[in-house]
Protein chains: 2
Amino acid sequence: MAKIDHISPLAPTDGFPNLPVIDGVTFAATAAGVKYQGRTDVMLAQLCAGSVIAGTFTKSSTRSAAVLDCQAKIGSDPTGPAAILVNSGNSNAFTGKNGLDAVHKITQAVSEHLDIAENRVYTSSTGVIGEPLKWDRIIAKIDDLKAGQSAGGIADAAKAIMTTDTFAKGSARSIVIDGEQIKIAGIAKGSGMIAPDMATMLVYIFTDAKIDQDHFQTLVSDCTDSTFNCITVDSDTSTSDTLIAAATGRSNATKLEIDSEHSKTFRTALHEVMLELSHLVVKDGEGATKFVEVQVTNAQTNEDARAIASSIANSPLVKTAVAGEDPNWGRVVMAVGKSGAQADRDLLSIWFGDVLVAENGWAAPSYTEEAGAAHMKNDHIVIRVDIGLGTRNCTMWTCDLTHGYITINADYRS
Amino acid sequence: MAKIDHISPLAPTDGFPNLPVIDGVTFAATAAGVKYQGRTDVMLAQLCAGSVIAGTFTKSSTRSAAVLDCQAKIGSDPTGPAAILVNSGNSNAFTGKNGLDAVHKITQAVSEHLDIAENRVYTSSTGVIGEPLKWDRIIAKIDDLKAGQSAGGIADAAKAIMTTDTFAKGSARSIVIDGEQIKIAGIAKGSGMIAPDMATMLVYIFTDAKIDQDHFQTLVSDCTDSTFNCITVDSDTSTSDTLIAAATGRSNATKLEIDSEHSKTFRTALHEVMLELSHLVVKDGEGATKFVEVQVTNAQTNEDARAIASSIANSPLVKTAVAGEDPNWGRVVMAVGKSGAQADRDLLSIWFGDVLVAENGWAAPSYTEEAGAAHMKNDHIVIRVDIGLGTRNCTMWTCDLTHGYITINADYRS
């Protein structure tokens, strides 16, 4: 993809957050020259014995070798230590039998060098599709990655997994249970080929919580539905999208039991981390200049609410209107109409921010173009559509469609 | 939308075709000032008594008042004469109760001035959504349109219905049955907010064939499925899309009976006209510089074949790659994967034109980047994907996604 020479205008102004150390996890990053020279492109996270691993993955029927391998390993015996190795520069997707061979070479080497069972070694690859992964370059760096492990290395790890990202993405929360702290820290990368139907892109979340694997998996899957599965940059779905979450169990807090109040508190914090990371991915969407929140309320079914939100959030005409700061509510009506969901033109109400734009099948009497245009000047645009047919809601997040997207994707091989 | 100051590079080099006169139809166009001054924006086609009318329309749940009115009138008693009035500049969509009022004002006025039953007066409107249609300006011109009727006026009609179109679109065929000629002539307009799920955009087809209404409707609906329902510019579906076909019965050829050889001959010619018009719409897609044919072969079901073709044809990453003349077959694999259809990565074969790009889950041994890149330099790009799971095929047509699309849609109110 394009060499990025600017930072997204929607990037956090205070840079990468100061993520807490999670007891039981260490990180290292290095420059292996997978594709480019002179940038870090491999990270290795090492997890203490007993860490439980949960994950959500792309549903693409052409998913990558690493995704297939990870899916097979989720839920494996957590007695021993574990590791996660990620490279950028090459996605190792659609590389035929060579793809799985490359994954095995890497997981085998990590297993041997770090004395970790191979079914506890997870890998991800992101970058160009269809070119053989130079696994030998990665293997040659494993000893360096082992020697460089550091409890505070998560920021370097976040940088090593970037592709067209213009900034590294991190988020953290902590909760206190009976006086004992549980910490959660996560990192993610974007930022094109992103659409809701999975744990989008690459996301790694670490916590010191004590929790059973199946319980952890349930929480991670639930939170994915309303976070990473509710964002879209361009409606295109990657072949490599992966979210892996690891819980080391090193917190002194009591074990999180299913349906307990403590579990709910933990879930809230986990959801906040995942939501923040998913928003950061949108804010670094290719060419993005606006962050767009699409709120659909009172649809007949959950599926309808999601279909309408998705139709609006993926509409090129809505997204170019946002880019042009044009309060073009007619295109929102169009997107509702094409969604295939139940909708009655004369029951729709549409807001831009707090401005009621349309109701009863037409422009609202109180609406002025000036008021609509004023909202569109913001960095954070809210498009709300009330369907008026039921009680089901869905919120999705996207960005605008700009010349920057075309430049990045028309001019370079991703 | 944007004022267009160039003609699509994909426009036919020989301009608007010399369409034949269809006995029983006359046309006139005028400048009513619906939105812009100094350009023709209303056309009226007058049809002789006995003309049968068929139509296919948008499936949008927010379809316009004119569409609802036309749908109610298709199949009405064909004994008397009929008329079709079309305006550009305003779509009269999402205009509340005023929308249907405006349609009735216009159809009533046409009915009175031309002495045609109101249920035989069809209207369409195209242009901005959500603004009241100035129907009085249209009504004020009906006498002029009546006086100006001309058998050779179809080219002026094709111009009057244009919005962001950069060229007028027409197509014709004729067949001979037992020594007697049947002629077909059609016009269409595009060129944004276009996705397959209907008779896309505005299309008017005229023939002098003798044919029953229900037989004619069946042929028109069948042909729509593999022509206008197989094109996409931007995956967005208009609220006003309309195809109306009229058969005057004035040909001396024998009546076309269902399942007859003559009917099949006529269907072939009708399909050719519709296919040519649908391709012209894509070639005038907003910002288009490449015409892209997506051929999906050997899918498991018809639905799968269509889902995969649609996923490729609507993928922003595929379309920007085409714009950049980048033989980026990885993005084609991605689009197959996200389609939701049955596909096996290791059975896919992909061609760009005649160049075999990928097979057996990886780049073909014979493939060279130079050969792929050479095909991408063409104006007419063919992307063929063989799924290898069944026998079902689908071909769709689209255009590339360029800076021109962003400029047109981000900078102006449509």
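Just so it is clear, glycine is given a Cβ too, placed from its N, Cα and C backbone atoms.
Straight from TrEMBL, the features:
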BINDING   A:T163, A:K189, A:T200, A:E286, A:N409, A:S414  substrate binding site
ACT_SITE  A:T200  active site, nucleophile
Which has the fewest other CB atoms in a 10 Å radius around its CB: A:T163, A:N409, the listed binding-site residues? A:T163
Mind sorting out which of the binding-site residues A:T163, A:E286, A:N409 are close to chain B, meaning Cβ under 8 Å from one of its Cβ atoms? A:N409
Counting every protein chain present, what is the number of Cβ atoms, excluding its own, within 10 Å of the Cβ of A:K189 (substrate binding site)? 26
Indicate whether A:K189 (substrate binding site) is helix, strand or coil by DSSP. strand
